[in-house]
Amino acid sequence: MTDIMTDTQKDTAAGAVPTRSGFVALIGATNAGKSTLVNRLVGAKVSIVSHKVQTTRAIIRGIAIHGSAQIVFMDTPGIFKPRRRLDRAMVTTAWGGAKDADLIMLLIDSERGIKGDAEAILEGLKEVHQPKVLVLNKVDQVRREDLLKLAAAANDVVAFERTFMISALTGSGCEDVMDYLAETLPEGPWYYPEDQISDLPMRQLAAEITREKLFLRLHQELPYASHVETEKWEERKDGSVRIEQVIYVERDSQKKIALGKGGEAIKAISTAARKEISEILEQPVHLFLFVKVRENWGDDPERFREMGLDFPK
């Protein structure tokens, strides 16, 4: 009988370091800093960030190489008490991502501590059997004595494999996280090409960037009542790209806010989004934004599919 060896086994037999790979789900309450941390660990912007809660709506995968390991980070929507259909879909997606991962990283905002949503997430993790690590974020804002108490309290509820204290904003402590993951993930071939940093299609990433600029520009409830889709993507002969996107809102009054006085708001959103998309593509971009009213788009299964979410019953 002939034994067949995988490439990884051949490398190991030859004395090379075996490759490792796996999926790491980042979960936590809204605005714990998950997207900022994913961007930091990947070394590039793969997930949009704003100061508003519920910015991340679907799982965004960011891919990092550390030594001989390929680490696929799953930036999940913040977990909170859902009130509407979209909320339920986001929370279900977050827990689903956790259960599909090789390892779970619970990110807790050290300034807020364990209360409300964070407390409920800890209780929920008792029913999830994947290995778990605790990551305390924003530790530069909290006394060490309080951090130790916070870590002890969380570990009293869930048996974490390790506890890390980091600042996603400055990068402090992040190298320790990467070292641990690179040593812990299972041996196996990489899932993605070495130069790939995300599995998000460019059309969807462009829509996410525009949605980020919408979040940053507009206030109150409008960002949560809006959705952005890329409807047209045309590569032009001169090397530029023409992109048409639609911002869906629920009411005429919201459309007026999105447009702004004399179109001021939509122009600012378009300029900021076009600049960033152009930098990512490394080619000129012509971005055209349209605002349309679609009542109850949050109850439309097609919109959920566009966002990468399952439509809850």
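Quick reminder: no glycine exception, Cβ is built from N, Cα and C everywhere.
Noted in Swiss-Prot for the protein shown:
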- 28-35, 75-79, 137-140: GTP binding site (BINDING)
- 20-187: domain 'Era-type G' (DOMAIN)
- 218-295: domain 'KH type-2' (DOMAIN)
- 28-35: region 'G1' (REGION)
- 54-58: region 'G2' (REGION)
- 75-78: region 'G3' (REGION)
- 137-140: region 'G4' (REGION)
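Taking the features listed in Swiss-Prot, we show where each one sits on the structure.
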{"residue": "Gly28", "record": "GTP binding site", "contacts (Cβ under 8 Å, 6+ apart)": "Lys34, Gly78, Ile79, Leu106, Leu107, Ile108, Asp109, Ala118, Ile121"}
{"residue": "Thr76", "record": "GTP binding site", "contacts (Cβ under 8 Å, 6+ apart)": "Ala25, Leu26, Ile27, Lys34, Thr56, Ile59, Thr93, Ala94, Gly97, Ala98"}
{"residue": "Val139", "record": "GTP binding site", "contacts (Cβ under 8 Å, 6+ apart)": "Ser110, Leu147, Met165, Ile166, Ser167, Ser172, Gly173"}
Local backbone state of Ile79 (GTP binding site), from DSSP in three classes: coil
Most Cβ pairs under 8 Å with the region 'G1' (28-35), selected from 54-58, 75-78, 137-140: 75-78
Composition by DSSP (helix, strand, coil) of residues within the region 'G4' (137-140): 2 helix, 1 strand, 1 coil
Per-region confidence, the region 'G3' (75-78) (mean pLDDT, whole number): 87
All-chain count of other Cβ atoms within 10 Å of Asn31 (GTP binding site): 20
